[in-house]
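What follows is a short report on a single structure.
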There are 2 protein chains.
Amino acid sequence: MLRFLTIFLITSVNVNCIYIVNPGPKYPPTKGEVWPKPQNEITELTYYTFDPLNFKVKVTNNTCDILISAIERYSYIVKSNKPQQDHRPVSVTERRQHARQAQTLQLGVLQELQVQLTEPCEEYPYLEMDEKYRLNVLAVSVLTSASVWGILRGLETFAQKFYISRDMNELRINTSVVVDFPEYAHRGLLLDTGRHYISVPNILLTLDAMTINKMNVFHWHIVDDQSFPYQSEKFPDLSSRLLIFYDSLYGAYHASMVYTKNDIARIVEYARLRGIRVLPEFDVPGHTRSWGNAYPNILTSCYHENEVVGLGPMNPIRNITYKMIRDLYHEVQAWFPDKHLHIGGDEVRKLCWRSNPEIREYMQKNGLKVEELHALFMQNTIPLLADGSKIVVWQDVFDENVPLTSDTLIQVWKDEWIHEMVKVLKTGHRVLFSSSWYLNYLQDEWPMLYMADPRRMVRDETDNNTLPAGVIGGEACMWGEKVDDRNVISSVWPRASAVAERLWSAPTLGETSPRPEVYQRIEEHVCRMNRRGIAAQPASGPGFCLV
Amino acid sequence: MLRFLTIFLITSVNVNCIYIVNPGPKYPPTKGEVWPKPQNEITELTYYTFDPLNFKVKVTNNTCDILISAIERYSYIVKSNKPQQDHRPVSVTERRQHARQAQTLQLGVLQELQVQLTEPCEEYPYLEMDEKYRLNVLAVSVLTSASVWGILRGLETFAQKFYISRDMNELRINTSVVVDFPEYAHRGLLLDTGRHYISVPNILLTLDAMTINKMNVFHWHIVDDQSFPYQSEKFPDLSSRLLIFYDSLYGAYHASMVYTKNDIARIVEYARLRGIRVLPEFDVPGHTRSWGNAYPNILTSCYHENEVVGLGPMNPIRNITYKMIRDLYHEVQAWFPDKHLHIGGDEVRKLCWRSNPEIREYMQKNGLKVEELHALFMQNTIPLLADGSKIVVWQDVFDENVPLTSDTLIQVWKDEWIHEMVKVLKTGHRVLFSSSWYLNYLQDEWPMLYMADPRRMVRDETDNNTLPAGVIGGEACMWGEKVDDRNVISSVWPRASAVAERLWSAPTLGETSPRPEVYQRIEEHVCRMNRRGIAAQPASGPGFCLV
């Protein structure tokens with residue numbers, strides 16, 4: 001039997017791979033399938049045709065600025081679907097077929113979408129906001145949700161369900177019922193604007209793409225060792241003095257490469273209208289070299305053989321360090337309305353701390369080990385945040401035994417992530433997962449990202465059915481070493497779409513690779529993103545998009 | 001001693017990597033350094049400033065349309081260099097320093113470039129055209145070459161030597177002498193427009209980028225199994241019938257995704273004016289599935305258990321196959337002026353030939369093995385080309401013992417390439433090298449591509465000093481599975497720049513990785529490409545470009 005199987009396998013490989021390469025796209029795209037896949041969806045074969053001139057959206061209950069602006073946006077998106085007919089004469093057979101189909105399956109023209117928000121709007125998106133919605137596609141379609149965030153998600157689903165008929169003459173939408181909600185509450189994307197500056201228009205485009213993929217947290221790793229593009233009002237010198245031809249003296253790479261208060265307000269508002277939180281990260285005490293261009297005294301001088309060889313992490317034993325952090329964080333928290341602030345805490349170069357005589361003396365006097373300095377630093381820093389703030393940290397902070405309140409979110413990013421997640425969850429902390437989703441590994445393709453299922457990992461490891469719920473989400477991370485305005489959009493999309501579907505849709509259920517349906521659906525999704533202005537790159541192989 | 005060394009190494013790692021991350025770009029770019037590096041160059045510290053209003057280019061000898069158009073282009077490029085001053089007040093110290101420098105190093109204002117073409121122009125670029133030039137930068141600079149192609153390369157060098165002064169107020173060019181010529185005659189880039197359609201504007205941009213990198217062959221892998229975008233006048237059905245929503249019946253992916261005679265003429269002319277040959281590839285007998293959408297009879301029906309399971313390579317025993325090839329090749333050779341035609345010959349699925357009863361019977365009757373069918377096919381095909389044609393083939397054709405004239409170029413693309421190159425060279429054939437330069441492996445970074453030195457490989461393997469000369473060039477190959485209009489430019493550049501410098505400049509001389517100078521020079525080069533409209537992605541890490 002085994003032998004028979006082997007022969008069969010080899011033969012089928014011959015037939016599929018060695019003999020035959022089919023012309024046309026490798027994975028023919030689906031038509032009107034939604035990405036990320038809804039939790040529950042019944043789609044029938046019957047359909048309505050769409051006439052942009054005779055379609056309207058009606059609000060039948062609560063409304064607000066977010067709702068009004070979303071309806072405006074989606075009305076435009078829906079109406080800008082265009083038939084893509086060429087002028088080839090359609091054959092008689094085809095015309096007959098089309099007529100027959102119209103007779104049996106077409107239920108008429110789509111007239112209206114009623115938007116029914118049953119509770120008042122909220123102003124800002126937040127962790128664990130309600131995103132559930134129900135969509136009924138009929139001649140008079142109805143979208144219902146208790147939350148404006150659910151309405152936003154439902155409008156996106158509605159927009160994605162349109163498709164062009166086979167003969168390319170007609171826009172259609174199938175009769176369907178969707179009852180949908182996300183699997184994970186925190187579905188994020190990290191962009192790093194410290195290593196390469198990303199222009200505001202590209203950040204807004206990224207927010208558009210996140211909307212199309214129902215992601216809800218833009219994790220903005222805004223500054224890093226290399227540059228400080230955040231233009232502070234309290235500390236303008238952090239960014240505004242110009243770096244002249246690579247003399248490393250000033251914060252931003254260039255006077256033009258900053259984010260002003262005005263830019264930040266624009267980004268936050270653009271995100272809010274799309275139900276996306278902006279989670280700023282000001283990483284401390286490591287990854288802060290650029291702070292030291294204007295303020296070297298808050299950093300640690302690193303020594304080698306009694307000579308200063310450069311600047312390392314923040315100096316944890318000086319008051320000015322904490323004064324600066326407090327003042328800057330207060331400004332940041334005034335500019336970014338989200339309750340959460342990411343304070344980093346990864347990759348602290350403790351060898352530099354240890355090399356510094358002033359710090360060594362302090363450790364000796366206080367009987368501290370160098371590892372304990374990190375805890376000291378964090379314990380001094382966390383109380384500096386605005387009242388009611390919640391924090392997110394990289395796993396290093398947890399690993400180094402810094403005391404943390406139970407609502408602190410731990411972002412797992414290193415290797416041996418299953419073990420780490422279980423360890424964190426067992427202490428009662430909640431986890432954001434990122435280890436498998438580092439988009440800066442440009443060779444990692446979407447199917448690999450797609451199959452990483454953090455709750456399943458925890459369940460398989462522990463046989464515990466309640467522990468996995470502590471994984472409240474995850475983030476795709478695009479670190480900035482290799483991406484700038486020229487390639488950031490195509491490098492992130494559609495790979496982040498794989499993460500988006502994993503975080504929204506039902507879990508993988510024991511599969512080891514994406515089903516063929518997923519390959520076809522992501523093809524449609526890439527073309528959809530292209531049509532909506534996102535330069536997503538090809539997902540899986542030969543093919544094409546009409547834009 | 002070893003122990004001492006170990007300690008030293010660890011310490012120096014600490015100093016460089018663990019303690020210190022410097023702010024600013026990882027590799028500060030050079031200023032006015034040329035890419036690819038000239039063979040001989042003396043650059044002095046003295047310089048001329050540049051005033052676009054008082055600079056002219058003068059032709060002092062032969063001229064022609066290529067020369068006139070090049071001078072127009074480069075005058076614009078040179079004059080569009082802009083000082084990038086910000087409005088920061090320059091400090092007194094800096095002003096003094098600047099004045100002192102101006103006193104000792106500034107030799108005045110650049111007045112003129114004299115262009116001296118000592119022989120009449122040629123009309124089309126060709127294999128082993130003369131590209132040597134001599135450039136003398138002085139107040140009145142002189143560019144000399146015996147060939148218009150050399151003048152083109154020299155103008156590019158001249159344009160690259162401008163840089164902006166430290167205080168960003170002034171454009172400068174240093175006193176210098178360049179005597180330059182390419183190491184390899186054939187410096188190519190392959191784009192595959194069969195797997196994804198690439199728009200004509202992106203092909204023209206690619207030609208611009210090739211010009212900046214002194215590459216001289218655009219290898220246009222125009223059609224493949226998946227689609228046939230070449231719009232033939234003799235066989236319009238090959239492309240023009242529309243593929244409707246992925247019914248695999250027609251040649252091009254879409255009616256809009258074709259290259260017309262007019263498009264081709266535009267691309268060929270654009271390339272000619274830049275000294276770039278357009279080498280079209282119409283791959284036979286494999287990779288031809290898309291031909292069969294309109295003309296299934298020229299392909300082989302593949303059988304599995306007595307049933308036809310699809311279409312494979314061209315049918316080598318039917319006259320209609322050769323008639324079609326002849327007629328199409330004649331058209332292609334009329335539209336593409338280059339003497340060379342690439343006829344492919346790679347990856348022929350012989351299992352399909354063997355599965356076909358008609359072909360099996362033919363083999364039996366003629367006492368042929370299936371391997372010999374490839375030779376038969378090529379022997380029938382080569383005489384169909386226009387008189388005086390020369391051919392390029394993939395190594396498979398050589399490997400399968402097809403008789404080839406000695407001027408046939410063999411393109412080496414598979415593994416074990418050193419062994420293969422030596423084998424080919426020993427038969428007297430000349431080699432194009434590509435194995436190490438497959439850009440579709442997106443994870444391969446430029447330093448790896450840069451260090452592949454085919455002549456050195458052959459020399460090291462054989463200890464023979466004449467054999468390496470038979471490697472007359474190479475090509476960076478961007479196969480189209482994962483790239484389309486959205487990411488093709490940033491995926492190709494600057495990685496193809498590494499190949500361009502390897503093929504133009506002197507050999508690697510025993511080094512195993514690029515020198516630090518190269519890292520800095522490619523940073524400047526990426527920004528230069530960005531400024532000239534090429535969306536090249538970051539080369540090596542954090543940094544920025546002003547555009």
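Just so you know, glycine gets a Cβ as well, placed from its N, Cα and C.
Copied over from TrEMBL:
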ACT_SITE  A:E347  active site, proton donor
DISULFID  A:C64-A:C121  disulfide bond
DISULFID  A:C302-A:C352  disulfide bond
DISULFID  A:C527-A:C545  disulfide bond
DOMAIN    A:34-160  domain 'Beta-hexosaminidase eukaryotic type N-terminal'
DOMAIN    A:184-506  domain 'Glycoside hydrolase family 20 catalytic'
SIGNAL    A:1-17  signal peptide
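Mapped onto this structure are the features recorded in TrEMBL.
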residue : record                    : DSSP (3 states)
A:C64   : disulfide bond            : coil
A:C121  : disulfide bond            : coil
A:C302  : disulfide bond            : strand
A:E347  : active site, proton donor : coil
A:C352  : disulfide bond            : helix
A:C527  : disulfide bond            : helix
A:C545  : disulfide bond            : coil
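A distance of 32 Å separates the Cα atom of A:C121 (disulfide bond) from that of A:C527 (disulfide bond). Nearest neighbour of A:C64 (disulfide bond) by Cα distance, taken over the recorded positions A:E347, A:C352, A:C527, A:C545: A:C527. A:C545 (disulfide bond): 23 other CB atoms within 10 A of its CB, across all protein chains. Listed disulfide-bonded residues: A:C64, A:C302, A:C352, A:C527; maximum Cβ neighbour count within 10 Å falls on A:C352. Here the recorded positions are A:C121, A:C302, A:E347, A:C352, and the ones sitting under 8 angstroms from chain B, going by CB atoms, are A:C302, A:C352. The two recorded residues, the residue listed as 'active site, proton donor' and A:C302 (disulfide bond), show a Cα separation of 16 Å. Sorting each residue of the domain 'Beta-hexosaminidase eukaryotic type N-terminal' (A:34-160) by its DSSP state yields 45 helix, 35 strand, 47 coil.
The Cβ of A:C121 (disulfide bond) has 15 neighbouring Cβ atoms from other residues within 10 Å, across all protein chains displayed. On the 0 to 100 pLDDT scale, the model's mean across the domain 'Beta-hexosaminidase eukaryotic type N-terminal' (A:34-160) is 91. On the backbone, the CA of A:C352 (disulfide bond) and the CA of A:C527 (disulfide bond) stand 49 Å apart.
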